[in-house]
Amino acid sequence: MIRWKYELHSLIWLFLVLHLSKCQSDSLTTSAEQHELFAIKKDSLSPWSQILVSLPRRHPLYQSFAAKIQDVTENISDEVRDSNKTFVSSDDAPYSIRIHALRAGHRYSIAIHGQKDGSTSLIKEESVVMDPRAPDFRSMDSDIQVAEHNITMRTIKNDSYLQDSFSIEYRQINPDKKFPVLQILDIPEQKNLEFYLGNLNSGFDYSVRVIAHKDGMSSRPWISTLTTKPSPLKEVNINQNAGSCVEVSWQNDEFSGADFYTIQYSLQSTPNNSTNMTIPSTESSISICDSMLQGEAYQIIATVQKGGQVSEPLITKFQLRPLPPIDFRVRADLKRGKYKLLAELPTSSKIDKCQITVAGDEAERSVNYANIEQTKSGHKICWFNFALSPGERFDFSISSMANESASQKLQKSIVLTPAFDFNAFGLTLQESNGGIELIWPKSEVFMTRVKDIWNKVVGAESLLNMRITPIGNNDETDKTLKFETSPKNIDPVFAKNLVKGACYRVQLFTVTKTGIISETRHNETIRMSSPAVNVSLESVTRSSATLRIVFSTHHDSTSISNCQMHIVVRDMNGKSVFDKRMQLTATFAPLLNLDGLSPFHKYTVNTQIICGSGSSETPQCPAATRTMRQLSFSTRQDKPAAVQDLKVEPLNSYSVMLTWLPPALPNGILTHYAVNVTKIGSDETRTIDVGVSSNRSDHTVQVVIDELFGGHTYSFSVRAVTEAGFGENSPVVPTVSMPLMAPPVPTVAPMIMKESVGSHNMIVRFPTTMFDNRNGEIKQFAIIVSETTADESINRWIESDNGTYTWQQVQRFDVWPSYVAKLQDIQKVKQDVDVSIFEELGEDETCLEVRADRICNGPLRSASKYRVRIRLFTSPTLFTDSPPSQVMTTGSATPAIPLLTVVAVLIVIAFVGIVGTIFLFFWNRTKKARLAAAAFKNGPSKEKESQWEALKMMMAERAADCLAKLGLDATTPPPSSTTSSNSPTSTSTTMTDCGSNPHLGAPNAGGHRRTRSLRERTGVEHRLERLSSGPVHRTPLYTVVTGANTNKSRPVRIEDFADHVRLMSADSDFRFSEEYDMMRNVGVGQSVAASELPINRPKNRFTNIPSYDHSRVKLSNPNNIEGGDYINANYVPGFSSRREFIAAQGPLPTTRDHFWQMTWEQQCPAIIALTKCVEKGRDKCHQYWPDHENVPVLYGDIEVTIVAEKEFDEFVIRDIRLEKSGPDGRVTRFVRHWHYMAWPDFGAPSHPNGIIQFSRMFRHHLPHSPHNAPTIVHCSAGVGRSGTFISIDRLLQSSSFGDPIDVFGTVCEMRYERCQMVQNEQQYIFIHYCILQVLQGSSPSPTSTSTGAHHNAGFVQDGQMIVESGF
């Protein structure tokens, strides 16, 4: 069954195949896409290397097909024979098999096999000869050589290709010409193939076809168009026309073809720098006009091009003629005594030299050559000198030459004119004695030279002619004066009797004997001089003057009829006040009145006589002007105008500062000023004479008016005075109310009358001269009584030094503190009359019956010592205490202490001990709470503070009373803790807690409170003194400006500053200490990251003085080195700028170069040094400047030189030059070094005068900086002395402008920029004393205690104590 099915399937397939074959044969002619099954055909594109086998789409017997290839070529070697190959069908191309990589000309046997289920059967086998392949003459191994009449083609045959022969077909394209076909047999053993095509025409295109043949088959042809090389040009002709163009023509070979011609021309000297031109083959010439320079030597290279072939070049060299000279002229050369031919040459041509030919009637023809010169303006010239005779005719011919090629000639026939030069001949033409005179030179040597030149270029027989013709006067124009002269006769030529002021034209020229006139003439117009006049001052007043004008000599009217006088009068500012022209006549003698002049002004009179200014004058003859001698005069003085900008400013309660500017119109020399001072509300007026000198740059006059009285109002007027009298009153009459202040300190102390001293009373006497009303009228006086101890000190129980009690309030004390015994109004008394006042103390026996807070003059204690002082009042709050009287003891001795009193005292002492023990136990338990409360001002409440103060006061009072009764308070204090009794210091405090008069205070009879122990002050052991009372918050003093934020700023008006310092100094500078402690934490906690870098720590002199990051000075650091921009310095604000100063530490040896780098980069004009290099054996600052003057030292890249040095008592000033190399060269700057050496470390100078002088001198000499460059200030750490100096400088500037003085705010502001500025309390107090010293002038410096701390012993005025008043 299976076999039957297989045979049936084969029959069906055979039927289909036969049917398909019949269909394909039927449609073969109608469809190109139908292929015979398994057809073997050579590829149409590559018939020499590829065969294509067609396969059926679906074959019932085979699944795939393969084509086996075998090279069956006969008579070839095995090396040439191709290897066997097999190609199979693929899914990518299932309908054909492409056989490739076959060899041209080889015969191959191709067998097609079918495959199915592993069995293979041969389907078809056929033999095919591959087409031959023509050689490729464009390949790398090929070469085509083209000549004018032949072409040679060479290549290397491919060993694998087979051919029998080659045929070469070639023909000329245009015009068409056919050549015989070349047949060449192939020689297999010959690898190189060469074809030669001869008998060709030059310059034509040829079509070449090369075909390979094999077994009757021909290859596809190799086709190319080849061009023969054209023939070179036969000749090139070059013609230079009359212009600047060059005509280039050529002749080509008539049998040679050409597409275009190439012309390449260049200078023969620079053949590589050429210009190329392409010309169509239809042209045979070209013009070159712009690119060739006349006179240069050129070469032209001409070639013919056909296709890509170029003929042999034809080189032609030629020389262009230079351009002829533009023009020439012949002039006489007086210096050489010859005629000079000067030719101007064109710049657009090369010219080497000039050829000059000269011929005359009597002179032989001569040829000369001259070199070329170039003028400053860029023109080319040539010149030549000839020894020719003037007055004769000569023919000149000149041409340019370049490389022996001559240009066209420029010819002229010239008659040589005689020479003439007015200046060269040394002639002088001048007005003389009413005429015009021509003068020859006086020097014989010069005249010898003139005669020699005259004979050569003028002519020995030639003459000099002078013509003088009047101008502008019609009736005289024909009256020309003629004169002749020559060097043979050197007498002057004089034309006399000319009209004064008239204008004449003078002509000078030379003439030969043949009548030839010189080409050069001297023309000059001369106007005869004007008549002279004298101008004199006839009279002068304050506002007018009279001038008289007369002629110097007599003139007739005709000689001056055309002249005018121009007179101009100007004031001292150059402004014209009189300007007038007047016609001159023979009788001209006017008087000129000048009115409206200003008093005491200088005037100048300028007079000119102008002749020839009429309308009939010609512009050729300008007017003649004669200037007369200038006359000056001054008007008389007058009363001055009012002064300007009158201002008044009170200085204190009894003096003012009056300022004004001088009058705008002084109207004379000011002798003085009269100042009228009037007290408002009275007829009292006084006049003060003030000098006119002023040492200020703005000429402001300043005067201090004294002897005024506080509390009164005054008006001021100022008048300037000249010798003419008093000027006007000032338009503004300023008034000022004098401030009311505490009375001046009396110079005398009250005196207790010894004979009046009793057991309970005494009489005190004091003069009325202590009632000084300068600071205001004294309204009251009070008598202050103080009991003293055995050492004559005053009981200090009351907290305030100025606080006082009443008589009844002091009864509870064993030693009475100060109390007011009497308060009495003062009647007006004359201060210059010495009248004594007597007052009895202790006269009132009824004081126990009145209220305790009432003032009462109760009995004194017997056998007790007392001091008395007088308190003077200008108002209830303004008072001053006199010095205390001598100590006086009342009568009768103190009785013995009874036994019961001693027992009572012992009981009190035991009670005090028990209370103290209980308190100490409580103190230890609350220690932490107290420490926390002490860190803040707003800690414990005021109520607890008052309770604790009351407890301490009560315990100290009881102990003092007991010890006093036992006689244990008589211990003498150490010498260092006491001060003289006549120099106490007091403060103003209102005692509201003791019930005393709030307007009365008690003076402090002791010295500095901090230097005395509690036992010395109260008789109690010092251990009680150490008991803390917590932070005490004090309200700012009344002297601080109201409304200020007292946590950051405490400004004080200038007029209140003295009182402010006194109040701050009271109680041993307690308020100074309290205020300084408030700034302890200002600025603390700000970032100091740069200072704490490990690489920067060695750059800090002190580890606790870092540099704040936000304000530190940064050095330039171009290489970005870590820490390279760090220096321990900060910007600190001053008066004028936020960065007016740089506060820096004293340089270390390792930071010295950084210090100078900072100085250079910040462009600092000055350096302030406030420390010595070594103090007390310790290094405080490295010496960063050179040791010797004018010896440069290099610090880093900055050269430092001291150019000058000046020493003072306390400081040294050095001028230092800094030099540094930069991109623009070496840059030089100057820095002034201020070195103050009298300032101790951690302290203050002993006296402010030195540092004030130093600060003022620095500020006066500080140069102006256009960049607002900062000044460097340093000490050792750069905080203490540096901060103090900056504060002083800033506050002195502020006070000079009248601004409030804010020491507290200034220091706070600095501490925000650099830590610990103003390092201790002593320096803080010193700032106040410096400012006060400047404001008051006479105040002495603060002194120092034995411990070295700042000590305030009080201010001294007029040699006496100042006692400050309370609120």
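Any Cβ shown, glycine's included, is placed from N, Cα and C.
Taken from Swiss-Prot, the feature active site, phosphocysteine intermediate applies to C1275, supported by sequence analysis. DSSP classifies C1275 (active site, phosphocysteine intermediate) as coil under the three-state reduction.
According to Swiss-Prot, the compositional bias 'Low complexity' annotation covers 977-990.
Sequence annotations record features per position, and here Swiss-Prot assigns domain 'Fibronectin type-III 1' to 229-325.
Residues annotated as domain 'Fibronectin type-III 2' in Swiss-Prot, with sequence analysis given as evidence: 531-630.
The domain 'Fibronectin type-III 3' annotation in Swiss-Prot covers 642-740 and rests on sequence analysis.
Look at Swiss-Prot and you will find 1072-1334 tagged as domain 'Tyrosine-protein phosphatase', backed by sequence analysis. Across the residues of the domain 'Tyrosine-protein phosphatase' (1072-1334), the predicted structure has a mean pLDDT of 93.
Cβ-based neighbour count (10 Å, all protein chains) for N75 (N-linked glycosylation site) stands at 6. DSSP assigns N75 (N-linked glycosylation site) to coil in the three-state reduction, outside any helix or strand. As annotated by Swiss-Prot, N-linked glycosylation site applies to N75 (among others).
DSSP assigns N84 (N-linked glycosylation site) to coil in the three-state reduction, outside any helix or strand. Same-chain residues at least 6 positions away in sequence with a Cβ under 8 Å from that of N84 (N-linked glycosylation site) are, in sequence order, K68, I69, Q70, D71. Annotation source Swiss-Prot lists N-linked glycosylation site at N84 (among others).
The N-linked glycosylation site annotation in Swiss-Prot covers N150 (among others). In the three-state DSSP reading, N150 (N-linked glycosylation site) counts as coil.
Same-chain residues at least 6 positions away in sequence with a Cβ under 8 Å from that of N158 (N-linked glycosylation site) are, in sequence order, A104, R133, P135. Per Swiss-Prot, N-linked glycosylation site is recorded for N158 (among others), and the stated evidence type is sequence analysis.
Within 10 Å of the C-beta atom of N273 (N-linked glycosylation site) sit 8 other C-beta atoms, taking all shown protein chains into account. Under the heading N-linked glycosylation site, Swiss-Prot lists N273 (among others), citing sequence analysis as support.
According to DSSP, N276 (N-linked glycosylation site) sits within a strand segment. The N-linked glycosylation site annotation in Swiss-Prot covers N276 (among others).
Under the heading N-linked glycosylation site, Swiss-Prot lists N403 (among others). Cβ environment of N403 (N-linked glycosylation site): G295, A297, Q319, D352 lie under 8 Å away, each six or more residues apart in the same chain.
The annotation N-linked glycosylation site is assigned in Swiss-Prot to N523 (among others). Counting only residues at least six positions away in the same chain, the Cβ atoms of R505, V506, Q507 sit under 8 Å from the Cβ of N523 (N-linked glycosylation site). DSSP assigns N523 (N-linked glycosylation site) to a strand segment in the three-state reduction.
Cβ neighbour count for N534 (N-linked glycosylation site): 13 (other Cβ atoms within 10 Å of its Cβ, all protein chains included). Annotation source Swiss-Prot lists N-linked glycosylation site at N534 (among others).
Residues annotated as N-linked glycosylation site in Swiss-Prot: N676 (among others). N676 (N-linked glycosylation site): 16 other CB atoms within 10 A of its CB, across all protein chains.
N276 (N-linked glycosylation site) sits 87 Å from N534 (N-linked glycosylation site), counting Cα to Cα.
Within 10 Å of the C-beta of N276 (N-linked glycosylation site) we count 10 further C-beta atoms, all protein chains included. Cα of N75 (N-linked glycosylation site) to Cα of N150 (N-linked glycosylation site): a span of 37 Å. For the domain 'Fibronectin type-III 3' (642-740), the number of residues in each DSSP class (helix H, G, I; strand E, B; coil) is 0 helix, 47 strand, 52 coil. Annotation: no recorded positions among N150, N273, N676, C1275 have CA atoms within 10 angstroms of the CA of N534 (N-linked glycosylation site). Geometry remark: N150 (N-linked glycosylation site) versus N273 (N-linked glycosylation site), CA distance 35 Å.
Residue pair N676 (N-linked glycosylation site) / C1275 (active site, phosphocysteine intermediate) shows a Cα separation of 52 Å. Of the listed recorded positions N150, C1275, the Cβ environment within 10 Å is emptiest of other Cβ atoms at N150. DSSP assigns N403 (N-linked glycosylation site) to coil in the three-state reduction, outside any helix or strand.
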